[in-house]
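For reference, the structure is listed below as structure tokens.
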Amino acid sequence: MKALKTLIAASMLAAPAAAFAEDSSDPIIIPIHNWSSQIVMSNVVGQMFEEMGNSVEYITTDSQAVYESVRLGDVTLELEVWEGAFGQSFRTALEKGGLHDAGDHDAVTREDWWYPMWTKDACPGLPDWKALNECASLFKTAESGDKGMYLDGPVDWLKHGKERVEALDMDFIVVNAGSAAALWAHIGQAEADKKPIVVFNWTPNFAEAVWPGEFVEFPEWEAGCDTDPSKGPNPNALYDCGNPATGYLKKAAWDGMKDKWPTAYCVLSNISFTNPQIAEMAKLVDTDELEPEEAAAEWLEANRDVVEPWMNSCKS
Amino acid sequence: MTDAVAHPPPSEPRAGLSTRARVLIGLFGAAVILTLLRPFLPDALIRVPEWAIPPLEPALDAIFAWFQNDLGLIHVTRAISGWLGVAIDAAANLLYGKSRWPRLDALPWSAVAGVAAVLGWWLGGWKLSLLAGGTFVWTALMGQWKWTMETMSVIVIAAPVSFVIGLILGISAWKWKRFERAIRPILAILQTLPFYTYLLPAVIFFKVGPTAASVATIVYAMPPMILMTAVGLKKVPPEVVEAGKMAGCTRWQMLTRVFIPSARSEILVGLNQVIMLSLAMVVLTAFIGMPGLGAKLLAMMNSFKLGRSFEIGITIVLLAITLDRLSKAWVVKQPEHFEKGTPWWQRHFFLVLGIATFVFFLLVAQVVPYLDEIGRRQAFSMGKEIDTAMKTALAWDWVQATTNGIRYFFNLFILIPTENALLYVPTFAVIAAVAGICYALGGAQPAIIGAVFFTTVAFFGWWDRAMLTLHSTVTAVLLAVLIGMPIAIWASRSARASRGAIFVCDTAQTFPSFIYLLPAIMLFGISPITVILSILIYTMVPVIRYTIEGLRGVPVELTEAADMAGATRWQKLKNVQLPLAMPTIAVGLNQALMFAFFMVIIAAFIGTRDIGQELQRTLAGTHLGKNFVLGFSVVFMALTFDIAINAWAERRRRALGLA
């Protein structure tokens, strides 16, 4: 049954495949992590490679540990390198050698303090951070005493929530969640009786579709805010600004990919998704409950005009 | 924690101060005085100062780098992972059609379910047949077939490899005393090592993906296999051995025809443990590339799909129960013997039936696609409905009010104050107190070991985090005793209640802990009580199980004697049953502590400030040295208690004349 299907599919693909060629027949290993947009994007790119006649395999890995694997060539590439969350691991691996920067996506990423819309009803001055600080007592929990509680991302994301609270002299205590899932559970709990909360969040992300919300506007990011105390409103402290509102979203590739799969590598360097495209990919899985493979196929079908130029420009 | 002192062994003389009392007063007195003097102590006596902490982490990093690159160990391990990879890929091809050798199609789900049902029938009759077949039918209907097969493709390779290596090592341990002495401490370490410490070396040496996952699984599942094999072989009665010798067996024949068949039960219990531990690793190894159910579960949780992650949890439980029952049935099943002249197909009836079922479904599935593969859209998943139901239930006012009360009380009045108190106590006061507890429990040797181990932890440089880990584990165990003991005492009074309680324990234990975490956070927020509760389920299981076992194992003559002496139910429990059951209960307590040390690491997922959090951070890749230092901080703390409690149980057993 399936063999037959594969055969038909293969014969249909044989014609365009001839145009590419030269790529090694070994499978290109694409890592997938545990959030939807990355899984779908990996499948989209994987299906593009397959269309070009490459063989592709997906491996589930930890999103921090993956850079070590790319470096060793165990994994061929990584499609979502977030500046905020993975910049550190990426740079460490970059210094050790074995992988390189394969260009940015068009999409920008933002990671910062965030609240779901219902919070604004209780604290109308938002999104300004000073207004948030005046409402601090709304965000009290059993353990936080008189101060408000801000739920920061996991420590290993290095978000410097505590430093910012001190630098800006805010009436908040900072608690670190252990995982993204813990952040969602916290929002999910507050949702029921519309309790005001402020948590760490980022975009593009499925949560935007589930819980509409906004980022808190802190003093705007200035270059050097994390290294030079004189930058930002507090002349004596680091981290007294918001995070950059336009962080990068990169692709990374194993150094050997260029020689082993030149055509696929060429396509990889062309690839550049936008924020709405990424949100759409996540939505197909998170809201429409498709399987990632199906979601990728559907997305590709609907966006031929986007991906075809990337592939065509690499035909030799 | 000091209430453990309240059991002086009956043999000690009461008059005057015995050595024992003097040592205890000395140790606890030192702890108290150091704590009281804390404000006046120099910093160097409160915590091991930064400069005194040996640079273990960079040293270990260098050693690993040397092994990996200069010695070329990585080539050896990578070659091994190459072979493993071929085996796993072949299984993957058969189970879910991964395009690798032998490049056959995926087996239809109905054929696998059919064979499982026949296997169940052969081993344990129609009930087991229903369970085994039903598990696979459920999996297929829920649209989880492919994920389950991805998981199974690794387990069907990892479990047998673990079994075979464990068997060989077990035989070696039985043959050569010196080997056994060498391997014992290694096994103890393996059993207490936090799983994050298995994962990182597995990734580096065995390549991220199914191979690393299988290596981590093999290593994790092996220790009980080795122990059970050695135990079984030692128990082979001399008469059997002599019969073998008289029959003129060679040494190889002695091993394969005499010893191993005689130790069959223990070896199969070992196999059962291998299977259960392999399944326990399904979710954890997803961090390093294990495909299938675990990876899906993590993805579901990260997009806040409670319902579908719950369904995956049920599948994992069903798989675990099925494999557990199948392997246990195999332990009980005695080899069948047929009269001479029985036709071949009758002697191998179930084999023939299995093949027939397999071929039948294989053929039918070609015509009826539904029996070949059930797509996601045809599946009966109720993910969204369960989601809504769970979220509604968790948001009920009285539920929230209750949990808020519990959260408020425990966090503010118990957990946070005790946590701060433990962090306030100077390092060496803690070490003295630990040595005191160990001395009270097991005597001088455990006390010395405990002091050395905790001092080592202090010099590892993660003391505060280690104390937080210790705090969570000990609290969870104490709570487990407070809640679990009454349940167990109640359940032990009837056979039915006991069976019921143990069944619930089994299920709770195999249900992947990650699934509890999200509802726990929704009920109790990200706070210390949530961490304790998520461990509590696992610590209660051994407490309940062993207490029931201990109480029910009390000889009937003794309870009857108590009844005849006119003891009330409470007197009988307090003076007869509990003291006699104590050695067994102690084993349960020990297990509970070991589970707690294992599970507390997972609680990092909720948000903690302990060793687990720091370990999670090392997963980012390259800090192998730090990973090991943290891992061994946990190992040393766990082993301290393990040794002390075992020594205590041993002494009690001797005092009761049970040993």
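The backbone N, Cα and C atoms fix where each Cβ goes, and this holds for glycine too.
What TrEMBL lists as transmembrane segment is B:21-41 (among others). Same-chain residues lying 6+ beyond the ends of the transmembrane segment (B:21-41) with a Cβ under 8 Å from its Cβ atoms: 2, 5, 424-426, 428-430, 432-433, 435-436, 439-440, 444, 447.
Under the heading transmembrane segment, TrEMBL lists B:106-123 (among others).
Among the features that TrEMBL reports, domain 'ABC transmembrane type-1' is placed at B:148-327 (among others).
Among the features that TrEMBL reports, transmembrane segment is placed at B:153-174 (among others). Through the fold, the transmembrane segment (B:153-174) approaches residues 84, 87-88, 91-92, 95-96, 98, 180, 183, 210, 213-214, 217-219, 221-230, 233-234, 255, 267, 270-271, 274-275, 278-279, 282, 285, 290-292 of its own chain, all at least 6 residues removed from its boundaries and within a Cβ separation under 8 Å.
The annotation transmembrane segment is assigned in TrEMBL to B:186-206 (among others).
Here TrEMBL flags B:212-233 (among others) as transmembrane segment. Tertiary neighbourhood of the transmembrane segment (B:212-233): same-chain residues 81, 84, 88, 154-155, 157-159, 161-163, 165-167, 169-171, 173-174, 180, 183, 187, 190-191, 195, 198-199, 202-203, 205-206, 259-260, 262-267, 269-271, 273-275, 277-278, 280-281, 284-286, 288-290, selected by CB-CB distance under 8 Å and a gap of 6+ residues from either end.
As annotated by TrEMBL, transmembrane segment applies to B:267-290 (among others). Packing against the transmembrane segment (B:267-290) from elsewhere in the chain are residues 151, 154-155, 158-159, 162-163, 166-167, 170, 195, 199, 202-203, 208-210, 212-213, 216-217, 220-222, 224-229, 232, 260, 297-298, 316, 319-320, 323-324, 327-328, 330-331, 510, 512-514, 602, 619: each is 6 or more residues past its ends and has a CB under 8 Å from a CB in it.
If you look up TrEMBL, you'll see B:348-371 (among others) marked as transmembrane segment. Here the transmembrane segment (B:348-371) has Cβ contacts under 8 Å with residues 107-111, 113-115, 117-119, 121-122, 378 of the same chain, all six or more residues outside its ends.
The transmembrane segment annotation in TrEMBL covers B:447-463 (among others).
As annotated by TrEMBL, domain 'ABC transmembrane type-1' applies to B:466-645 (among others).
Residues or ranges marked as transmembrane segment by TrEMBL: B:469-492 (among others). If one looks beyond the transmembrane segment (B:469-492) by at least 6 residues along the same chain, the residues whose Cβ comes under 8 Å of a Cβ in the stretch are 1, 414-415, 418-419, 422, 498, 500-501, 528, 531-532, 535-536, 539-540, 543-545, 547-548, 551-552, 573, 589, 592-593, 596-597, 600, 603, 608, 610-612, 633-634, 637.
According to TrEMBL, the transmembrane segment annotation covers B:513-541 (among others).
If one looks beyond the transmembrane segment (B:580-607) by at least 6 residues along the same chain, the residues whose Cβ comes under 8 Å of a Cβ in the stretch are 191-192, 194-196, 284, 469, 472-474, 476-477, 480-481, 513-514, 517, 520-521, 526, 530-531, 534-535, 538-547, 549-551, 553-555, 558, 613, 615-616, 634, 637-638, 641-642, 645-646, 648-650, 652-653, 656, 658. The transmembrane segment annotation in TrEMBL covers B:580-607 (among others).
As annotated by TrEMBL, transmembrane segment applies to B:628-649 (among others). Beyond its flanks by at least six residues, the transmembrane segment (B:628-649) meets 56-57, 60, 188-189, 192-194, 196-197, 434, 437-438, 441-443, 445-447, 449-450, 453-454, 456-457, 460-462, 465-466, 469-470, 582-583, 586-587, 589-590, 593-594, 597, 601, 611, 614-615, 618 of its own chain at Cβ-Cβ distances under 8 Å.
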